[in-house]
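**Student:** Grabbed the feature section from Swiss-Prot, which reads as follows:
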- 581-590: compositional bias 'Basic residues' (COMPBIAS)
- 631-645: compositional bias 'Polar residues' (COMPBIAS)
- 552-672: region 'Disordered' (REGION)
- 9-42: repeat 'TPR 1' (REPEAT)
- 43-76: repeat 'TPR 2' (REPEAT)
- 78-104: repeat 'TPR 3' (REPEAT)
- 105-137: repeat 'TPR 4' (REPEAT)
- 140-173: repeat 'TPR 5' (REPEAT)
- 223-256: repeat 'TPR 6' (REPEAT)
- 269-302: repeat 'TPR 7' (REPEAT)
- 386-420: repeat 'TPR 8' (REPEAT)
- 421-454: repeat 'TPR 9' (REPEAT)
- 465-498: repeat 'TPR 10' (REPEAT)
- 522-555: repeat 'TPR 11' (REPEAT)
Amino acid sequence: MSKDTTVSLEQLFKELDEYIINSQFKKAIRVCNKILSVNGNDSEAFQCKVICLMQLSNFTEAIECFKKPEQIQSMQFEYSYCLYSTAKYQEALTQLEKQSSKETKSLELEAQIYYKLENYQKTISIYESLLSKPGYSDSIEFITNLCAVYLDAGKFNECQELLNKNKSQQTKTHELAFNSACLAISKNDTKTAETQLKLAKKICTDSLKKDGFSEEEIKEEQTSIDVQLGYVQQICGNLEKSLEQYQNVLEQQVGDSATLVATNNSISVRSILQSDQWSTQPKEYTHAMDSLKSLLTEAESTRLNSKQKKVINYNLCLLLVQLKKVSQCEELIKTLKSKYGQQQQQVDTSFVEDLDIIQVSLLIKEKKFKDAEKLLLKNNTTTGSIKSQLLLAQIYLLDNNNVAKALNVLEKLDSSVSLRPGIVATKVALYEKSGDLEKAVNSLDDLISIFDKQKKSEKDEEIYVNLLKASGNFKLKHHKYREASDMFDRVLKINPNDLIALPSYIVATSHFDPSLSQKYEGKLPNIKFESKIDIDLIEKYGLTFEKKLNLNEDSNSSSPTTTTTTTTKSTKPTATEVVKIKKSKKKLPKVMKPNYVPDPGRWLPKWQRANAKAARSKKNKDIIKGPQGIASASQTASLFVQESKNTNTNNNNTQSSKSEKPRNIHKKKSKK
């Protein structure tokens, strides 16, 4: 290499050094290209070019730079990171496995690749091995990542222990506060989740403002927090607030994974809030389905994990059911079962079970109850979820009202589920229908005894009181007066002025011990009437129905002929009087003819009616062929008779003029 080239290379490297220090990576790449044009084997220029491209996030262009295996060998970590950034996870993993001795940064990248491949067990094992090394236990970013992996793997206890060890760090970074909120959501602690999310949002705004970020950039960073806040409102039942939260995120058009989740969630919320509008306008369902399909395109699906994709596909199945596209729904269910049914994870089995429930609902609509029962029993026997078992009981009731089989399913439910108020109410109704009142009463008493043992909040106290009232009413209905009075007495001990339990207790005790009913008799409120009551009028109308019944009985027993008797009017009504209610006369139209019989063929055209046909036959009866001017044979005969009379009586008279005689009756006109 000549001296001039060496001097020029030294100058180029000085320029390259300045550009890299000043973070002018595009200019640095141009200098690298100049160096490589002079010396193509310069490893330093090649490495600088790759690093600059990675800094500019041009990972595909960086991968294209690696043309020789020696170049890949010299930069194995960088090459693997570029493959990871372009979503080529399997290639990146194989490249990392080729390394003989892995550095900590390679282990971190490997754990991140396993996380993207949703192999959470290997990710946790790598992170836990790194946790023992110096520097990692104090790293907030590393703790945040490990916490996220614990959440996705379903290891909530380990996540809670990790957060408890780093409580002080939760107020410093919004990512860790966000993960703490996600843990609270998984435990159904919505209040804690909401407070943690609001804390995360505040930390995010404060920290980014200090770093000089604009408001738009801060809002983009907060999209995941806003979507999670909307989800908390959704599971709490505040659908309008959650929809407003989702709409605010969608208006920003960030395009990250949180925005895709907001699109799916907003569709599910709108389908509930606007159900009446959607039922009358099927276009809403089709528009929603198109929006969900756009989320599953190749470009968008890389931002979603498999769990999120399952939820979107499940919502697509529900929309197809609403649109009555049964064949398309069945095809989608088959493809989803073949894709996720082979996996042995608990999430996948529950997802397949949800798909079975959709398929069963389609069979129920077609009244194929036996096929629906077989499908549920095939995959979900007694170990099935609550949804599938309750649906099986519903099928038994729909199929010839088989109460015994439905009760058999409900009785086999787990004790944590079988004593829920809704299921107990269903069992009581079915026991009552089957005539087994003892089991109905026992199931109510078991539920009440559970409430007696546990501590009750204000909401639980209200449920407990309503349960006591329902049990008392049921026992009162079936003449178990002592047991019913005990239920109402317990209600009155909680609230002595309960106006529902008070009269019910008096009614129940009056059947076996009237002295007990007098205990609360004085607490009954006095009835206040706005106006005076006419007792005679009440008695009068009260006896009307009884009198009508007596008259009906007398008419059935006596002969068809009836006799009427007149009685003198008294000032007070007696039992024999019947109050006659005056009925308004029916008003008839003035033009109405009472004896008029309408034509039965009035709905037909006139020429098709029977009377029109008779008139036509009568009219054509006398028509004959003859000369012009003569309508019928009777007319010609009368003319001949008249002529003969005139000739006989007036023989001596002169002939009448030609105008007085019929002209050429039998002559035909001759053609000229």
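One is the number of the first residue shown, and numbering goes on along the chain from there.
Any Cβ shown, glycine's included, is placed from N, Cα and C.
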**Student:** Give the nonlocal contacts of the repeat 'TPR 2' (43-76) in its own chain as ranges (CB under 8 Å, at least six residues past its ends).
**Tutor:** 13, 16, 20, 23, 25-26, 28-29, 32-33, 35-36, 82-83, 85-86, 95-96, 98-99, 106
**Student:** In the same chain, which residue numbers or ranges, 6 or more beyond the ends of the repeat 'TPR 1' (9-42), come under 8 angstroms Cβ to Cβ?
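**Tutor:** Non-local partners: 1, 48-49, 52-53, 55-56.
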**Student:** Going along the chain, which residues at least six beyond the ends of the repeat 'TPR 5' (140-173) come within the CB cut-off of under 8 Å?
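**Tutor:** For the repeat 'TPR 5' (140-173), the sequence-distant neighbours (Cβ-Cβ under 8 Å, at least 6 residues beyond its ends) are 112, 115, 118, 120-121, 123-124, 127-128, 130-131, 179-180, 182-183, 186-187, 196, 199, 203, 207, 305.
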**Student:** I'd like the per-state residue tally for the compositional bias 'Basic residues' (581-590) from DSSP, helix first, then strand, then coil.
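**Tutor:** Counting residues per DSSP class in the compositional bias 'Basic residues' (581-590), I get 0 helix, 0 strand, 10 coil.
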**Student:** Six or more residues out from either end of the repeat 'TPR 7' (269-302), which same-chain residues have a Cβ under 8 Å from its Cβ atoms?
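**Tutor:** For the repeat 'TPR 7' (269-302), the far contacts come to 87, 234, 239-240, 242-243, 246, 260, 263, 309, 312-313, 315-316, 319-320, 322-323.
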**Student:** Using DSSP, break the repeat 'TPR 9' (421-454) down into helix, strand and coil residues and give each count.
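**Tutor:** Secondary-structure breakdown of the repeat 'TPR 9' (421-454): 31 helix, 0 strand, 3 coil.
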**Student:** Tell me the residue counts in helix, strand and coil for the repeat 'TPR 6' (223-256), as DSSP assigns them.
**Tutor:** 27 helix, 0 strand, 7 coil
